[in-house]
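This report refers to the structure that appears directly beneath it.
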Amino acid sequence: MAPVVMRLVASAYAMAEKAGVIVRRVLQSGELGIVEKTGANDLQTLADRLVQQSICASLSKSFPKITIIGEEDLPEEAVKEDLIESGQSEDILQKSCPAEYSALKEEELVVWVDPLDGTKEYTEGLLDHVTVLIGIAYGGKAIAGVINQPFFNYQLGAESADMGRTLWGMPGLGAFGFELQEVPDGRRIVTTTRSHSNKLVTDTVDAMEPHDVIRVGGAGNKIIQLVEGKASAYVFASLGTKKWDTCAPEAILHAVGGKLTDMHGSALCYDANVKHMNSAGVLATLRNHQYYASRVPQSVLQALKP
């Protein structure tokens, strides 16, 4: 039988695919069920609620001893049977587990779930920004990640069989579901927040002396920009992202040799009992992390305490 962590990733893959179907179905219904959580930039939709129920209930059923931390604060209620996903990706089960993870036990693993990253963009029709994130951590480190993009290729039209895709990765094993590309040599293209900007963010982006700046929604989406060669750094010098935004993307980025830290260059911790907010910001790169970390203004570092 495959090691626990490989079975967990194989299950998370199937759950992410199902999540993509749910997200598309809610959009097609036209009934998004939007509620404001803390304000107009912090929204929750029916898709957020259904996907979180689906992933968390499915994980609990197949892996009763893992710790699951989801973004949405939902009431305890029975989850409908059709939201439960018990399938697994055969492809992933066939892969050999990196030696350092092969003996991990269920109770040592923490899963961070963002049922819909880019909710605001989802409600505004910026569908390519939207992702579903399932990150797996052990010993405080992100060791595997699954990202579903429900509307990948959506420009091809609703009937396209190629709509949606799932990316996944594991440091020591590699990353799959996309083609790794790099920004042309010497180009500094920074991707940053679309709707949560402030002076700290703009000062930091300016300090990187970018040739271009891409403002898009969703942390998962920004990491995809890095691994597909559209951006060379993801710079967010502010509060706003949480551990469920960064766990899955970080694992995929690390699997291809990239790096994700806070603005001070320190690693993020994904233990079950850490605070959820990434209070010292996020800096992610595919290459040359040191260059970007060295450009962060002193005033920003003082303002953002870990």
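Glycine too: its Cβ is placed from the backbone N, Cα and C atoms.
Just so you know, TrEMBL annotations never went through curation; they're auto-generated.
For Glu71, Asp114, Leu116, Asp117, Asp245, the entry in TrEMBL reads Mg(2+) binding site.
Counting neighbouring Cβ atoms within 10 Å of each of the binding-site residues (Glu71, Asp114, Asp117, Asp245), the lowest count belongs to Glu71. Within 8 Å of the Cβ centroid of the Mg(2+) site, not counting the listed residues Glu71, Asp114, Leu116, Asp117, Asp245, the chain contributes Asp48, Val113, Pro115, Gly118, Thr119, Thr131, Val132, Leu133, Gly218, Ala219, Gly220, Lys242, Trp244.
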